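Features reported for this protein in TrEMBL:
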- CYS357: active site, nucleophile (ACT_SITE)
- CYS360: active site (ACT_SITE)
- ARG152, THR154, TRP165, SER215, HIS218, ARG250: FAD binding site (BINDING)
- CYS56-CYS61: disulfide bond (DISULFID)
- CYS357-CYS360: disulfide bond (DISULFID)
Amino acid sequence: LTGVLDDCLCDIESIDDFNTFKIFPKIQKLQERDYFRYYKVNLKRPCPFWADDGHCSIKDCHVEPCPESKIPVGIKAGSSNKYSKAANHSKELEDCEQANKLGAVNSTLSNQSKEAFIDWARYDDSQDHFCELDDERSPDAQYVDLLLNPERYTGYKGPSAWRVWNSIYEENCFKPRSVYRPLNPLAPSRVWDLLFSFSSTGLCLEKRVFYKLISGLHASINLHLCANYLLEETWGKPSWGPNVKEFTRRFDPIETKGEGPRRLKNLYFLYLIELRALSKVAPYFERSVVDLYTGNGHEDAESKALLIEIFRDTKSFHMHFDEKSMFAGDKKGAKSLKEEFRLHFKNISRIMDCVGCDKCRLWGKLQTQGLGTALKILFSEKEIQNLPENSPSKGFQLTRQEIVALVNAFGR
């Protein structure tokens, strides 16, 4: 890819250089820190739109929860239990049996990590979201170590997987009326062509942006599946790596009739939107009252310093997407379109509960919530600017779940 992206004054080469040398090494380090590596998610929520008949083609594509006897009493008690510093020096519990088979989500956590999670709840608050958030108090919600559960190909494909993407595009996306639902979910190349063929035809800026974000998310997920693909399985040990043939099938200009580069450009556009959100939310985290709390004071301070450093880098990038050009029409029309925008995206986050593979659902929910958090930030500029320095904010608040999702989605 080369050249300028549509709807913004930014060229691809500048983004590549900026990300490779400034952002990626730091965001990768940040994702490895305890605050950002554990994500609480409910993978058992029922699909709200159709009977949940789609299951991963691999039998181990499910969560192996820790046995009840291994979970400390403090975790069961919930947020009412006070954090105990002594827990920092206690011996870690014996790890749960790891689920290392293809597609399984490894939910192994140490006792120390679980104790820290209790206090993280103190910093969480609910707002008017762009996403359907999981109820963290639900007995089905559990912490997942993202480093032990990388996004990769799991064998989940076919009608169930395509039904999810069809619903996302066809039922929720702003689109020209002339585009119809693809009927055959077993013909992925044809489905893909239909989904991407109307990306910016006859749509206003806001609707083009919405479409490109969903398209960019789709491209991101497919890229990661191609980059971390099951290449072979010998003696029961799977081996993952880049699958060039699969990448070519999904993105090559000839194979995709010229659509592949557009899909990748939409991924760059998604990057710019989330980069912009990070630069805009910096004042929220720069306040002394905000702490990336895990219970380990030294690591917490280092994590915050690294995050602030990343914010500083995002501000140094001079070709941001200008969100002020969105919803800039008459107040009544702009307000209506903005609310429609929010509800569309919230509905897409609900569709993620229809994904039949737990690992795919995990990363789908996380990346959707990350993008939803970015949109929430971009539409809350005044509230962020008016934050009090030394007290919690009522006008704008991010839960730990949203913070973790934002950083990891951008890291993707």
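Even glycines carry a Cβ here, placed using N, Cα and C.
When the binding-site residues THR154, TRP165, SER215, ARG250 are screened for a C-alpha within 10 angstroms of the C-alpha of the residue listed as 'active site, nucleophile', the residues that qualify, in sequence order, are THR154. Cα of THR154 (FAD binding site) to Cα of the residue listed as 'active site': a span of 8 Å. Taking all protein chains in view, 25 other C-beta atoms sit within 10 angstroms of the C-beta of CYS360 (active site). Distance from the CA of ARG152 (FAD binding site) to the CA of CYS360 (active site) is 8 Å. When every Cα pair among ARG152, THR154, TRP165, SER215, HIS218, ARG250 is compared, the largest distance found for this FAD site is 21 Å. Its Cβ placed at the centre, HIS218 (FAD binding site) has 21 other Cβ atoms within 10 Å. The 10 Å shell around the Cβ of ARG152 (FAD binding site) contains 20 further Cβ atoms across the protein chains shown.
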